[in-house]
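Colleague: Dumping what Swiss-Prot says about this protein:
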{"type": "BINDING", "residues": "LYS26, MET27, PHE28, THR29, ARG219, GLU329", "note": "GDP-4-dehydro-alpha-D-rhamnose binding site"}
{"type": "TRANSMEM", "residues": "49-69", "note": "transmembrane segment"}
{"type": "BINDING", "residues": "GLY56, SER57, TRP88, GLU162, SER183, ASN248", "note": "pyridoxal 5'-phosphate binding site"}
{"type": "ACT_SITE", "residues": "HIS188", "note": "active site, proton donor/acceptor"}
{"type": "BINDING", "residues": "HIS215, ARG250", "note": "L-glutamate binding site"}
Amino acid sequence: MINYPLASSTWDDLEYKAIQSVLDSKMFTMGEYVKQYETQFAKTFGSKYAVMVSSGSTANLLMIAALFFTKKPRLKKGDEIIVPAVSWSTTYYPLQQYGLRVKFVDIDINTLNIDIESLKEAVTDSTKAILTVNLLGNPNNFDEINKIIGGRDIILLEDNCESMGATFNNKCAGTFGLMGTFSSFYSHHIATMEGGCIVTDDEEIYHILLCIRAHGWTRNLPKKNKVTGVKSDDQFEESFKFVLPGYNVRPLEMSGAIGIEQLKKLPRFISVRRKNAEYFLDKFKDHPYLDVQQETGESSWFGFSFIIKKDSGVIRKQLVENLNSAGIECRPIVTGNFLKNTDVLKYFDYTVHNNVDNAEYLDKNGLFVGNHQIELFDEIDYLREVLK
């Protein structure tokens, strides 16, 4: 029996040496390594600015929060934001926490991203923002989304936590909107233990992110900035001046040091993931009872999803038991249909556009297995044998 886990370590001696260099420095809190990582991160993905935080979830939190603190607020309580019905929980929680009215839209059962036709119907004069989610490595069709937005004053945001390294028309996923978020949790494309990042080209947004990442103080702002104007030269006072209701979601310095080494390896990681995907797609084309995710642009293939074909008679519970018995780790597709979580949704101000039939079908008939940054041809052959 072959062991086929959901994820595997992306580290070697370079990451352990990076950790040791931080330990030797005795500077454990956010510092120069994090700054270097942010500079390299922005360069890697083609953004002007990058802000590292403690997780992809806190990246989403700061992305939404920042829109309330611009000189002319980009969003206010009660504004409508459109989201797909399938994503991770912390895509949605900041929307509730900042009092936004959330409109859920169905997904495309093939790409697993927001359904373009449903989005087109859902956008109204009340829509102030669209939060797209690039699911399991697959970028959205941003050409179509931008056509829908047209010249309207609608903010485009991206939760790209599962799709680092994906591209659409040679542009990196996570850089199509005003802001995009990334995750570097263990099972993702790179791993910094815990970690996340926000990218933007907007200087005011960037300065707000720097401020609210660490207590809402001015300490991490440049002398001339878009939050306070010009900082005082009195460091004794300025270092403890608080101007925005922020958080403490700073990353550890060792996460920055690890990230520097991981970014160097990212092109190779993505290349191997795509080769695995090519092999996987060939093995599972025309499968008798399973459909696989349809690629949009150039996916970075976080994992390999399956949707049980309608009228196949196959029951997911039995499929999961078979995979687990064979040593193949599998999971639901993200959270499935998030609208099933009625206990938490009672705290939301939300509506549902028409129906979410595809999200409901995925919720009951979808699952995914892992893709890794190492060759998986033997594991994929084994997977195909188990899923005869």
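Every residue gets a Cβ built from N, Cα and C, even glycine.
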Colleague: Would you mind sorting out which of PHE28, HIS188, HIS215 (the recorded positions) have a C-alpha within 10 A of the one on GLU162 (pyridoxal 5'-phosphate binding site)?
Modeller: HIS188
Colleague: Among all the protein chains here, how many other CB atoms are within 10 A of the CB of ASN248 (pyridoxal 5'-phosphate binding site)?
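Modeller: Excluding its own Cβ, ASN248 (pyridoxal 5'-phosphate binding site) sees 11 Cβ atoms within 10 Å.
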Colleague: Taking only same-chain residues 6+ apart in sequence, whose CB is under 8 Å from that of ARG219 (GDP-4-dehydro-alpha-D-rhamnose binding site), what do you get?
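Modeller: In sequence order, the residues whose Cβ lies under 8 Å from that of ARG219 (GDP-4-dehydro-alpha-D-rhamnose binding site) (at least 6 apart) are GLU238, SER239, PHE240, LYS241.
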Colleague: Going by C-alpha positions, which of the binding-site residues (GLY56, TRP88, SER183, ASN248) is nearest HIS215 (L-glutamate binding site)?
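Modeller: Minimum Cα distance from HIS215 (L-glutamate binding site) across GLY56, TRP88, SER183, ASN248 lands on ASN248.
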Colleague: With DSSP assignments reduced to helix, strand and coil, which class does GLY56 (pyridoxal 5'-phosphate binding site) get?
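Modeller: Note: GLY56 (pyridoxal 5'-phosphate binding site) is helical by DSSP.
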Colleague: Using other CB atoms within 10 angstroms as the count, which residue among the binding-site residues PHE28, TRP88 scores least?
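Modeller: Each of the binding-site residues PHE28, TRP88 was scored by Cβ atoms within 10 Å; lowest is PHE28.
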Colleague: Counting across all protein chains shown, how many other Cβ atoms sit within 10 Å of the Cβ of SER183 (pyridoxal 5'-phosphate binding site)?
Modeller: 30
Colleague: Can you count the other CB atoms that lie within 10 A of the CB of GLU329 (GDP-4-dehydro-alpha-D-rhamnose binding site)?
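Modeller: A count of 13.
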Colleague: Which three-state DSSP class does HIS215 (L-glutamate binding site) fall into?
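Modeller: For HIS215 (L-glutamate binding site) - judged by DSSP and reduced to three states - the answer is coil.
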